Amino acid sequence: MEALPIPTDTYKLGFIGAGKMAESIARGIVRSGVLPPNRISTFHPHPSRRQAFESFGVHLLAENDDVLEESDVVIFSVKPQVVKDVVLQLRPLLSRKKLLVSIAAGVKLKDLQEWAGHSRFIRVMPNTPSAVGAAASVLSLGGGATEQDGDLIAKVFGSIGKTWKADEKYFDAVTGLSGSGPAYIYLAIEALADGGVAAGLPRELALGLASQTVLGAASMACHTGKHPGQLKDDVTSPGGTTIAGVHELEKGGFRGILMNAVLAAAKRSREFSQS
């Protein structure tokens, strides 16, 4: 039986799990105007988490069952180790009229669909820059999710950054790259700042320059349409300062180290998803 379309102009969104990632997503949705806060609900027993959502107008309900009853689209934003128990507990309320979404890392669609009792499910892998509206999120549609469902969820997660659709078989690699990648970049920023300090800069200035340089370079890669190699060549004049620095990075195996980091994290993600 064909799933009924979600009414895009009137649908209500519920979060099962009210942690930091759910808060970032909800704030992005409200800030971008995708949904008004009075069409978003969640539940959390702890006062501080309730206050965080109430501060920008989200409805706080008495329990997760109420969130399910009130919502057309439901995002499971609980920790991966508890998502099975949560979905199974709520299964009687999970009709095919509702579009279900999971952001639990490493939890596969086939398991989510089995626990829910139907396949109108979408798996999303966001990352932590969602907190500042700069997430990289990848979506994979379950067997019962329609293209319209996918477009709706792409719009929701587009409120916190950029979105891509991909086959779920790529999700371990996605975890290794965009899921874990922010940590690699933080290390790079810290190392650049340390280099600046070693060269004589005050710490605060060095950290500010390093952070803005990474932000600017990423913006160039995203917006100019040029290959990163071409952008690198544009900065490296013959016999100049930049090529001297690039030479040191190449001697140290900089590219291979980053590639190996992505591969190691992807392997670890695969181990988690198979356990």
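The first residue you see is number 1, and the count goes up from there.
The backbone N, Cα and C atoms fix where each Cβ goes, glycine too.
Listed in TrEMBL for this protein:
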{"type": "DOMAIN", "residues": "12-106", "note": "domain 'Pyrroline-5-carboxylate reductase catalytic N-terminal'"}
{"type": "BINDING", "residues": "I16, G17, A18, G19, K20, M21", "note": "NADP(+) binding site"}
{"type": "BINDING", "residues": "N64", "note": "NADPH binding site"}
{"type": "DOMAIN", "residues": "168-271", "note": "domain 'Pyrroline-5-carboxylate reductase dimerisation'"}
The residue listed as 'NADPH binding site' and G19 (NADP(+) binding site), distance between Cα atoms, whole Å: 14
Intrachain C-beta neighbours of K20 (NADP(+) binding site), sequence separation six or more, cut-off 8 angstroms: A131
Of I16, A18, M21 (the binding-site residues), the residue whose Cβ has the fewest other Cβ atoms within 10 Å: M21
Nonlocal neighbours by CB distance (under 8 Å) for the residue listed as 'NADPH binding site', same chain, sequence gap 6 or more: I16, F43, V86, Q89, L90
Lowest local Cβ density among G17, G19, which the record lists as binding-site residues, within 10 Å: G19
Counts of helix, strand and coil residues, the domain 'Pyrroline-5-carboxylate reductase catalytic N-terminal' (12-106), according to DSSP: 45 helix, 17 strand, 33 coil
Other residues, Cβ within 8 Å of I16, G17, A18, G19, K20, M21 Cβ centroid (NADP(+) site): F15, A22, E23, T42, H44, S77, V78
Counts of helix, strand and coil residues, the domain 'Pyrroline-5-carboxylate reductase dimerisation' (168-271), according to DSSP: 88 helix, 0 strand, 16 coil
